[in-house]
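> Please read through the structure below; I'll follow up with questions.
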């Protein structure tokens, strides 16, 4: 069996939560390796909905779950989400949940800064969740972050807070916002220290020991590769690296420990927030996909923008992430359409290209080139075998495989975990 990385190949919301939940039965350990509580997902287990945004999906199944060093942790949200799951009957104890001691913390001042920028102060509206993710990563890179381990060292914490506030209070003065008192921030952290410290661990050592014992690890990505800070639609991206390579740097496991990369893609495309979206359908088709697919954000409730499947973008992320197989989700949303379009290339300034350029200007000018396929009337919803699928749906899947350059390894035909068709087992490689 192998260690598997799960990564979104679009702009997030691809259905990673269900796929991770389905794969978790084959894994011993589930690891979150980037992002924060800005990207949520819903698990449906025995008819019960579990909404997660920070905690790893494996907790619902009682699996050892790790929040890696690549994640920014809001300690107050951690406490809230922990309580919510416990209230739903999920047993969460330190034996099955560990948090990297060197994971940076999201503080109230990060949320403040995020909200101020999104209000238009910065002159660029990205469409963030205003949860402080970006500012927390800025402090990490700026070498001034407060990390989980700092909560255990109260005697040195105040000095670190004062160093952090020298930066943030200067920003706040410039924006005309009241400065933060160091003692108030210290008290804020001490209020949650006892809640989070029992889960703290040197997680890279735990993972290394587990790997040497033959344990199988599932790396759970958040958001999607098209939101990657380097390879996404910059500047309309998130503040972390969301590509598969981040599984190593965000967990402390080396590249040699990764054996299979499973990309997740919807059978169409969605996006939340601002930024380019070549195949967006601002028409009846877009409305149909949004309503049928229940396309509203788990964290924010925002309506998602919807469009046709963009094979150019998915192929690009398949290449960058080293994807060996795709889990194709929400095929059932397309049931009943007379015809289905797939973007197979772009036109940019009169020339055909087969990739999305990096510049914002070029991204805004690309025009999608479509191929039109026949739709299907027979339902794919709740199909459990390949043989249950309509012929035209199979043709659609095969065409996508041809365009993106990799196989469909799993097929999801409803939000229920049981409605999954396994074609190639990622853990068997």
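Each Cβ is built from the backbone N, Cα and C atoms, and glycine gets one as well.
A quick note: this is a predicted structure, and the numbers were derived from the prediction, not measured.
Pulled these from Swiss-Prot:
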| type | residues | note |
| --- | --- | --- |
| ACT_SITE | 13 | active site, proton acceptor |
| ACT_SITE | 41 | active site, proton donor |
| BINDING | 12-18, 40-42, 304, 330-332, 412-414 | GTP binding site |
| BINDING | 13, 40 | Mg(2+) binding site |
| BINDING | 13, 14, 15, 16, 38, 39, 40, 41, 129, 143, 223, 238, 302 | IMP binding site |
| BINDING | 298, 299, 300, 301, 302, 303, 304 | substrate binding site |
> Sort out for me which one of 41, 302, 304 has the most neighbouring CB atoms within 10 A, since those are the recorded positions we care about.
41
> Which one, from the binding-site residues 12, 15, 40, 301, has the smallest tally of other C-beta atoms lying within 10 Å of its C-beta?
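Minimum Cβ neighbour count within 10 Å, taken over the binding-site residues 12, 15, 40, 301, occurs at 301.
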> Ranked by the number of other Cβ atoms within 10 Å of their own Cβ, which of the binding-site residues 42, 129, 223, 303 ranks first?
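Most Cβ neighbours within 10 Å: 223.
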> Whole-number Å distance between the CA of residue 40 (Mg(2+) binding site) and the CA of residue 13 (active site, proton acceptor)?
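Residue 40 (Mg(2+) binding site) and residue 13 (active site, proton acceptor) have their Cα atoms 8 Å apart.
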> Cα distance, residue 302 (IMP binding site) to residue 18 (GTP binding site), nearest Å?
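Residue 302 (IMP binding site) has its Cα 20 Å from the Cα of residue 18 (GTP binding site).
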> Specify the secondary structure state of residue 331 (GTP binding site) as given by DSSP, simplified to three classes.
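In three-state terms, residue 331 (GTP binding site) counts as helix.
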> Whole-number answer please: how many Å between the C-alpha atoms of residue 15 (GTP binding site) and residue 38 (IMP binding site)?
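Taking the Cα atoms only, residue 15 (GTP binding site) lies 15 Å from residue 38 (IMP binding site).
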> I'd like to confirm something. Which of the binding-site residues, 223, 303, 304, has a Cα closest to the Cα of residue 42 (GTP binding site)?
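Result: the closest of the binding-site residues to residue 42 (GTP binding site) is 223.
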> Of the recorded positions listed here (12, 13, 301, 303, 304), which is spatially closest to residue 129 (IMP binding site) when Cα positions are compared?
301
